[in-house]
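Peer 1: There's a structure below that I have some questions on.
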Amino acid sequence: MAQAHPRSGTRLFRTYAARGVRGSQRQPGGLAEQWFQPPNLKRAFSSSLSDSNESPAVASDDPDDPDFPGSLVGQRRRRPRGSGSRNQRTLTNTPRVQRLRPRPPQKCSTPCSRLRPPPFPNCSPGCLGSDHSVCIQSRDSNELGTSASLFSSPASPGAPDPLYADSAVPGSFHLPAASLSEPSVPCPQVAATGDRYTGRALRAEASFRSSLFSLVNSGATEENKFGTDGENVKESCCERRQQMGNRLTDPDLTSPGKRKAACKKVVSQGVDQRDYEESSACKDLRVPGEISRPKRTGPLRKRKQQEATGTPPRHYHQSKKKRKASVSLWNLNTSQRDSWTKTRASFGFHKKKIITSVIEVCSSVASSSSRSLLSECSTPPIKNRAHLTVSSRCSSVYLLSPLKTLHVTDQRPSYAEKVYGECNQEGPIPFSDCLSTEKLERCEKIGEGVFGEVFQIINDQAPVALKIIAIEGLDLVNGSHQKTFEEILPEIIISKELSLLSSEAYNRTEGFIGLNSVHCVQGLYPPLLLKAWDHYNTTKRSANDRPDFFQEDQLFIILEFEFGGVDLERMKTKLSSVATAKSILHQITASLAVAEASLHFEHRDLHWGNVLLKKTNLKELRYTLNGKTSTIPTHGLQVNIIDYTLSRLERDGIVVFCDISAEEDLFTGEGDYQFEIYRLMRKENKNCWGEYHPYNNVLWLHYLTDKILNKMKFKTKCQSAAMKQIRKNLQHFHRTVLSFSSATDLLCQHSLFR
């Protein structure tokens, strides 16, 4: 099942840099060149911001400067305002102007005061990083044809806005007090014409500026509300200025009575994009170590561009049904909330795994987000590993950490080569080489998620499950970005590691779903799979897009798992007795305990949709914990644990986890005890998701016990003394489970499992 501002990302992923840095970061060597060397700190800025009585005007020698050629700022002609008379004469001898002309773009000498909004991101050289404060704009940057000061909020008397106090001006400069509390007068001669005209002109400018500021904020309100910490802007500077220019030239905005309605329209358009942008917040924010991928056009913006150019939409998969269903997860009725699959699809919650070393866990989590973090130097393998686990095979976890040896740096395989290596392939193969027509004739779709589709086929006279994931493409899949080779590799290796616990000697369990094979294929979606998809959609109503839009060069990863059975949620009325429920709980606890001992494993999302049950003829199942083998009565059912999207795993000094510290939607859910477990996990690890806290497994065991006691109905009633005693034991387990520290502690110490 399925996440990165970044437009998510997530989905197995990692980065080293901190997120949420305001503005774009300058690279070394990209510093702005000084236009002049200020001889005096008081004269470092243009006279438009300084008091004309304290310092003389500064002349400019640049032909593009608005004060050129060498004339004093005080002699600039006055521009007529809307509230003034059209026939009123100016103080200069320039011809009368019939319309408002655009001002030239600002130059380096124009200060960037605290009253200005933050610079547009991703706009070089007009944007500033956190280490530069002087605003430098390109000559064609101001497409609106008016002063950039119009886009600052109206100055309020009193303290300036503290939000940009540190980045507005350099610390070595001092702004006059008047400039911080009063709007600057564009021309000294205007003030000399009299109080009546000055007041009229200032009121007109303030009114115009206030209207523009409200228009700008109307579009930014929704973005800041649903973005990560309200700090990341999701549009490039050019797109933002183009949108504002369209608003200013809109004839509907010429009438003051229509401005309010226009603002409401802009806000409503932002709400339409909210669900998609939640999963892609901070996508435009580049950080060191981030994957370089082509910028993809969002579905709403892509549709608008196609309408503007007259081209029909090619792949617009965000249907009206899906948009309505994803507006609010928590407004659904109780019956719709019962299925976590539906809720998970609305989240787009397929996050990218973070990969780091054990030593770097805490520092990495503090400085990373749910984006990609890939450790450039892994720690040495844990000494005395045999004391923890005796491995009978070679682990592939080392592939997640790039080699640092100098003489093999240029020979380091790419992530694509690593994935092909795990598939035992040299490159992608056709669908037909992996899935023959004979296999697909009896194909059936059995599940889905944001990641893709799950089908069941018959292979070697046994049912198997195929998890098909599209990778490396530009098309959105179910509203989310496709994974890359780097992002899919950890999922392959984690599934492989947990599957191979069934072949270990020192810590062994068969409780995790078995991975049979992995393939990377290329081509169109097979027609027989589309037929199975259509049947599923007819009978159960799929929440996914029909996978018929892929091109011939599309890549897919096919994970072939053993058939795990039916999830516990759908079996809530089909279990024979409470003794069967006890066996299920025992098997889950044993599997988690073995994974804790071998891999420092936390599942972190073990709801009853991720517990599969299938029939077995075995009377007992064996597991080995720290070299000691024990048995569990099956009562005819075998448990398989699935879905490691949020899981945490550690092997050979490498930690793989999913940082969900910024996923507020996950921690604000209501209507099921499951959502309380997420909040309890965050309380346990203090939102540091790279650390190992096996108590989180205990929390999920408490959740599953609650479901067994309160939500499940058994075919055989608890009438016999033996059944009544088992139920009492389960109730005692439910009351006492939270006092244990781990699944291993529970398995070894609790009376239910003795």
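Just so you know, glycine gets a Cβ as well, placed from its N, Cα and C.
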Peer 1: Run through Thr311, Thr379 and tell me the one Swiss-Prot describes as phosphothreonine.
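Peer 2: Of the listed residues, Swiss-Prot records phosphothreonine for Thr379.
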Peer 1: Which has the fewest other Cβ atoms within 10 Å: Val450, Val454, Gly564, Asp605, Gly609, the recorded positions listed?
Peer 2: Val454
Peer 1: Can you check which residue among the binding-site residues Ile446, Thr645 has the largest number of Cβ atoms within 10 Å of its own?
Peer 2: Thr645
Peer 1: At the level of the C-alpha atoms, what whole-angstrom distance separates Thr645 (ATP binding site) and Asp605 (active site, proton acceptor)?
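Peer 2: Rounded to the nearest whole number, the Cα-Cα distance is 8 Å.
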Peer 1: Suppose you look only at the domain 'Protein kinase' (440-754); what would the mean pLDDT be?
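Peer 2: Mean per-residue confidence for the domain 'Protein kinase' (440-754): 95 out of 100.
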